[in-house]
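A.B. asks: The structure that follows is given in the form of structure tokens.
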Amino acid sequence: EGMAAIPVIKGCIQRRPDVNVLMTTTTLSAFEVLKNMLPNGVIYQLDLNTNSILLMHIKFVLQQFAPLDTPTAMDCFLGYWKPNAIMLIESELWPNLIMGASRKCIALALLNARMSAKSFRNWSLPVVSHLTSLMLSKFSLIVPLCNMQAIHFQLLQAPPLVINFSGDLKYAVDNGNSNEVLRSMEDLQVQLANRQVWMASSIHKGEEEVMLGVHKGLQKTYPDIVSIIVPRHPQLGLDIALDLQKEGVRVELRSHHEMLTPGTNIYVVDTLGWRWILKGLSVLSSRRVLDGLIYEYLGSGVGMEASSCKQGRELRYFYRLTPIAVIGGSFLPGLTGHNISEAAAAGCAVLTGHHLGHFAHMALEMQRLNPMSVLQVSGDAELEEVLRELFSNAKLLDARCVAAKQAFNALSSGVVEKVCNLLHLHIYSKVLTKTKDGGQEKCGGDERFDEDDDPGVMLSSFNN
């Protein structure tokens, strides 16, 4: 969600350099990846969901209370920042945020709008249906992720005129190059030369058994093969390495900056997200207790240090090192898939499982454009068979790589431009009109749009 917001922010600033942008996220890993990708001058806020926020403005870090979705917290938050518009990226519906913004005449937009099946059922219940329709009536713009999501919002009685289409913002991959990451990849690219390579990315607990089973089968035919395993969570990467080392298998960990020697066939990228090290404190499983420790640390200086990792940004570069990308989070029931467009953008042959959640629409869109762009497989046996076929048939591999790249190019074309046009029509024009018409407007007893205030936009990304 945060990555999808970056092109929108850049488009906002390019079209309206007078607009000030505040961006908020809800995870530490998003904070680490995104903070160096934002344009200069963007105010960045980290929401830990419970007790505290880190607010970053250029080189300064301040502490604030988190904007929990309670009336008091939201009123304080909105009253402090006084945004003219709020754009939510793939967000759930937060009643107090939405109603609080409406009372203060803050324009609301929901971009890449989606709702999980569970949320749709909950918001459709008779006991909350009136609240649902009331909340949706406060939006000036809703840009659904796909046709099915648009139907969901229509069934929940969103005003038809505010629903508009632009395409999926997840196709809007920012291909800016990082010299630091590029240099770190050069040596690895040399080490992978003349070896069969495939990558399993965003692997969840349990899926490593599928991928390692496939690796063992392929190694019988291709002894020099390299399997790049990218777990969704770094602890899983360490667990994989320890288990394999007990079996006598040589494994290299990216976090250890180890060389990929000729006798090593598995490379684990264990640098996703944040790992907290509590000095003198045990890591507690209770989220409430852990959040309390984080708050105590921020408030009184309890020793804690964060080791940040940048795999979210590096993953795009790893896709450039391999001709075949197997996208995890999709091979076991209960999982909901991951973004396949990044692998397609890099020109990989894209393979995935059948448990895709809301990413199913992305796979279908690409397959409609070119049936060879994405291949869904049922399990380890079929995955191993397909990989063998791709390794043995260079023309087929090249055709799948080209198909994925072409499908991505077609679907990504003009997405950000369409979103910016919709924002100008439904959000910026209204904000400017209110600003010019006397400078003030009363909404529910609150005064907004002071004539001395610069236009401001707040962008938030939330996990569904």
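Numbers run from 1 along the shown chain.
In case you wondered, yes, glycine gets a Cβ from its N, Cα and C as well.
Those TrEMBL annotations? Automatic predictions, nothing curated.
Predicted, not measured: the structure shown is a model, and the values here were computed from it.
Positions annotated as active site, proton acceptor by TrEMBL: Glu1. Look at TrEMBL and you will find 436-447 tagged as compositional bias 'Basic and acidic residues'. Marked as domain '3-deoxy-D-manno-octulosonic-acid transferase N-terminal' by TrEMBL: 1-172. The region 'Disordered' annotation in TrEMBL covers 436-464. According to TrEMBL, the feature site 'Transition state stabilizer' maps to Glu90, Lys170.
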A.B. asks: In Å, rounded, how far does the Cα of Glu1 (active site, proton acceptor) sit from the Cα of Lys170 (site 'Transition state stabilizer')?
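C.D. replies: Rounded to the nearest whole number, the Cα-Cα distance is 8 Å.
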A.B. asks: Measure from the CA atom of Lys170 (site 'Transition state stabilizer') to the CA atom of Glu90 (site 'Transition state stabilizer') and give the result in Å, rounded to a whole number.
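C.D. replies: Between the Cα atoms of Glu90 (site 'Transition state stabilizer') and Lys170 (site 'Transition state stabilizer'), the distance comes to 11 Å.
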A.B. asks: Validating a neighbour-count step here. Other CB atoms within 10 A of the CB of the residue listed as 'active site, proton acceptor': how many?
C.D. replies: 23
A.B. asks: What is the total of other Cβ atoms whose distance to the Cβ of Lys170 (site 'Transition state stabilizer') is within 10 Å?
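C.D. replies: The answer is 21.
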A.B. asks: Over the span of the domain '3-deoxy-D-manno-octulosonic-acid transferase N-terminal' (1-172), how high is the average pLDDT in this prediction?
C.D. replies: 81
A.B. asks: Using all protein chains in view, find how many other C-beta atoms are within 10 Å of the C-beta of Glu90 (site 'Transition state stabilizer').
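C.D. replies: A count of 24.
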